[in-house]
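Checked TrEMBL, it gives:
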DOMAIN    163-331  domain 'Helicase ATP-binding'
BINDING   ASP176, GLU177, VAL178, GLY179, LEU180, GLY181, LYS182, THR183  ATP binding site
MOTIF     277-280  motif 'DEAH box'
DOMAIN    501-662  domain 'Helicase C-terminal'
Amino acid sequence: MSDFSPGQRWISDGEAELGLGTILSCDQRSVTVLFGASQETRTYGSRQAPLTRVAFGSGDRIQSAEGWQLLVDDSKEVDGLIVYIGEDAQGDLRELRESELADTMQFDQARDRLLTGQVDRNDWFDLRFRTLHHHHRIEQNPALGLSGPRIDLIPHQLYIADEVARRHSPRVLLADEVGLGKTIEAGLILHRLLLTGRAERALILVPPSLTHQWLVELLRRFALDVTLLDEQQSLAQAEANPFESGQLVLASQEWLFANPHRQAQAEACDWDLLIVDEAHHLDWSADSVGPGYACVERLAATVPGVLLLTATPEQMGLESHFARLRLLDPDRYHCLERFREEEQHYVEVAQAIDALERLPGGEDNHSDTERVAAIIEEPDSLALLTTLANPESSAAQQDSARRQLRDQLLDRHGTGRVMFRNSRRHVGGFPERHLHLAHLALPSPYRRVLRKLERDEDYLDELLIETGLDHPDVLIYPDTMYRALAEDPLNAEPWWQFDPRVTWLLERLSDEAEHGFAGDKVLVIAHGRETAQGLAEALRVLGGVHAPVFHEGLSLVERDRAAAAFADEEEGCQVLVCSEIGSEGRNFQFCRHLVMFDLPQHPDQLEQRIGRLDRIGQRHAIEIHVPLFEASPGERLLRWYRDGMDAFLAPHGVGNELFDAFGDAMTEALLDDESLEEVITETRTLFESRLTERDAGRNRLLELNACRPARAEAVAGAILELDEDKALPRYLDQALDIFGVDSQELGGGLLYLLPGQHMLDGLPGLVKGEEGFTATLSRARALARDDVQRLSWEHPLLREMMGRILDGNMGNTALALLKHPAIPAGRLMAELVFRTHCPAPKRLHVNRFLPPTAVRVLLDESGAVLTDKVSFTGLSKNLQKVKKAMARDVIRSRHDQLRGLLSQGEVEAERELPSIVEDAQVRMRSELDTELARLEALARLNPAVREEELDAMRRERRELDEAIDGTRLRLDAVRVIVTVDQDSR
Ligand SMILES: Nc1ncnc2c1ncn2[C@@H]1O[C@H](COP(=O)(O)OP(=O)(O)OP(=O)(O)O)[C@@H](O)[C@H]1O
């Protein structure tokens, strides 16, 4: 390399990111180069300087340091420097000396990199092509966003996630019964929206006792890294808006709802999705609006997507339930009376759907046909009914008509679009529940007060004043009453010293007991915090049993520690004692014994308690134990629950109505058996009639709508296809190798991934010098082991590697050798890979119709097109790598030839573009037009379809149309192939 001259432009082979360098000085021994863009100077030995001369040719567009551009036509050499000749943007003929080229000229593009001699490894090129191919495939897969999470494939969850996440700005109430997986559904929806670019920022508001559990679920199951925000974290942000500190922010409702300043900060952010767990706490009535409701109402007014989660939507009353639906869709839910009125018709709709199953059903199908015809109006539905009712139609025609009609009826009537509620009854496969009662004698300190209450009507008022307690707390929770009367000298002893429920529990806990828990885990729930604390103390003092306590007085960390101590399978505690806050949201399905140390006051709360154990993942029957004092208010309350509404058997969803109708009467009857019997009888009557009505009408409709098995099955099928994708392990191997991640087989389908010595920085979960992680490709294995990550196309490591390849220039140039008996040595081929670019806002998720698509063109040096004759794989496996220095020499010597092939390749690739664009348009139109037609038909009958939803879809279709139309092809990567003799090495 003796031909350096000051002013010449070269780039560094090893540090191309330094940009275009200028030779400052050179002599026999060294050469000094200034890289102006990065303000770096380097001196190299002139004999082996790792530099490549930059020389442009005809057709290249270059930029001057003054900012003007030149389209190169020709060049000449003057005093050792190249002078480019060509036209500027105005069409004027100009000259540009190489020393006057802009330092900032980029050499990222394949063409520039190749022509400036920057060649990557051959296997990088290979990986780049494969990445494009797989990315193209996966982006169009209907399971995108649902296949990565570490979950069991449960149909009702997949259906909901698929149905909701495909909507423009979904606003729904996820109201499955307790423990059926609302958190999982919300996580799936969020995950899919994030992966498809439809959401980038989400705010998740949950009760304080559930923050950690959400954090862990989102990380463990969805690999989503969430920022947990509290006051301390917020203060640490000083002046900055703390809600801007992460893309996904999780916060406690209690904290936010009590803090107007933080609410204003949260409202000031741009969120795409708001998730509110245990949303029944957002209470509203005509006279008073709870602070939680008010806060969420303000947020929901500007955040486009809203998911409200509750298992007991009516726990705070029908008014509150209606108000929450209104949060989701104020236009649809503006009148409570109308809402009530609509519900009356659900029975007929449900009956019509059932009638479909019987049709055509022989000669006597008239009434069933009438039943359906009475509901439907639209011509498309009527035509389907005619096909279905016609005994002459083929079985296939009937099946298809039945399915479509069913979907139309479900879509067009009822609350289905806003509310999803699955129940155990139709999901099936849930454990039985067994109720065990322990009848205990009232201890004298309680009996004294209760008997006096029964004798003396006025005493209750006195007692309420004396204790400051509420009615009926004072009656149902005798230990609370006892503590409130602490002034009484007879009440000096701690309550747990004499309360027989404590002794009973201790006996059951000891292994010897006849009906003991035999070492099994036991969750104990008591209504009040002080009861829970006292009970834990009693277990320790009287029985030497260490039971962590979980109550509202503890910090979040302390609560999580208590729950974790209980959950630990090997070394964990046998018992956890919770106050009522432990009865919501928590996952305790690893335990099958529930002790209700006392009873809650609302049937929905009772269901929430049982729901801690009766959840997905529970493998045993649920044993519910209730210690009762004979002839006490607590025992009467139990009878109301058990005999009035079968509350211990299974969730029934009418608890709130019964509470509204008879809650007061039941409270009044807590001291009187006779009136209690009446209340129970009346409750039972209403219970049964409501159940029949609901099962026939609203519940039936909700159930039918909450999961459409055919859709769920299709989604599960698409997920399984990705799970079993044979290409994934092959791709993974290659990518890990190239990114420098070591992988060790651990046996049993497990891999240990760890940073290699030369690992590229910034890969998620892997830091040089630190430990790696265990992973598996198998869903089942990942589900069985919490400490094992599941590798899928959606895993952050895979996505990062693929993203880096696609967004950067890694592997976009290569040179390889080919030995082929039929081709003489020294021949050149160019393998060009073009990629479609379709600039569009991320929210359009244009990739589902037109993901970056590769167009491969293979040319030999004479310009003959070999693309169809020689496949990528066929060629690739016969190629050999070559030293970089040699590759650069080849490129330098074949510059002009390569330029010609690059230009010809462009023309060849352009021929493919129209059909790619057309295919994408057809796919987009067929999907969106069908969806739009469905929505328009729906909107005519079901006001739950918002006009803005329709407008948004029309706009989306238009924008997609334009975006796809504007698709261009760009050269993404190029590999030069040189043939060599058979015997050359
Ligand atoms: N598809 C699934 N695969 C594996 N585990 C699941 C799945 N769905 C739910 N679970 C587990 O079942 C339990 C209940 O799920 P989740 O917490 O989502 O229910 P929920 O409906 O939100 O309950 P709650 O009404 O009590 O708030 C959790 O431990 C969850 O991790």
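These residue numbers are counts, starting from 1, taken along the chain as shown.
The backbone N, Cα and C atoms fix where each Cβ goes, and this holds for glycine too.
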State the non-local partners of the motif 'DEAH box' (277-280) in its own chain: residues 6+ outside its ends, Cβ under 8 Å from one of its Cβ atoms.
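Hits for the motif 'DEAH box' (277-280): 173, 182-183, 186, 204-207, 210, 214, 253, 296, 308-310, 312-316, 320-321, 324, 584-585, 604.
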Sorted by position, what residues of the same chain at least six away from ASP176 (ATP binding site) have a C-beta under 8 A from it?
HIS156, LYS182, GLU185, ALA311, PHE420, ARG421, ASN422, SER423, ALA706
Helix, strand or coil: which one is GLY181 (ATP binding site) in, per DSSP?
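Coil, per DSSP.
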Relative to the Cβ position of THR183 (ATP binding site), how many further Cβ atoms are located within 10 Å?
21
Write out, in the order they occur in the sequence, the residues of the chain not among ASP176, GLU177, VAL178, GLY179, LEU180, GLY181, LYS182, THR183 that have a C-beta within 8 Å of the mean position of the C-beta atoms of the recorded ATP site.
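Apart from the listed residues, the neighbours are ALA311, ASN422, GLY611, ARG615, ILE616.
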Report the binding-site residues (GLU177, GLY181, LYS182) that meet this criterion: Cβ distance to the nearest atom of ligand 1 under 6 Å. Use sequence order and write none if nothing qualifies.
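The ones that qualify, in sequence order, are GLY181, LYS182.
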The motif 'DEAH box' (277-280): mean pLDDT?
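A mean pLDDT of 92 is what the predicted model shows over the motif 'DEAH box' (277-280).
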I'd like the Cβ neighbour count for GLU177 (ATP binding site), meaning other Cβ atoms within 10 Å of its Cβ, all protein chains included.
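So the Cβ neighbour count for GLU177 (ATP binding site) comes to 22.
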Same-chain residues six or more away whose CB lies under 8 A from the CB of VAL178 (ATP binding site)?
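In sequence order, the residues whose Cβ lies under 8 Å from that of VAL178 (ATP binding site) (at least 6 apart) are ALA311, THR312, GLU607, GLN608, ILE610, GLY611, ASP614, ARG615, PRO651.
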Within the motif 'DEAH box' (277-280), how many residues are helix, strand or coil going by DSSP?
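DSSP classes over the motif 'DEAH box' (277-280) add up to 2 helix, 0 strand, 2 coil.
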Helix, strand or coil by DSSP: which one applies to ASP176 (ATP binding site)?
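Assignment for ASP176 (ATP binding site) reads coil.
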Long-range same-chain neighbours of GLY181 (ATP binding site), Cβ under 8 Å, sequence gap at least 6?
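Long-range Cβ contacts: ILE154, HIS156, GLN157, ILE616.
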Using a Cβ cut-off under 8 Å and a sequence separation of 6 or more, which residues in the same chain sit near GLY179 (ATP binding site)?
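When sequence neighbours closer than 6 are ignored, GLY179 (ATP binding site) has ALA311, GLN589, GLY611, ARG612, ASP614, ARG615, ILE616, GLN618 within Cβ distance under 8 Å.
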For LYS182 (ATP binding site), list the number of other Cβ atoms lying within 10 Å of its Cβ atom.
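Taking every protein chain into account, the count is 28.
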Can you give me the same-chain residues 6 or more apart in sequence from LEU180 (ATP binding site) with a CB-CB distance under 8 Å?
HIS156, GLN157, ALA311, ASN422, SER423, ARG424, VAL427, ARG615, ILE616
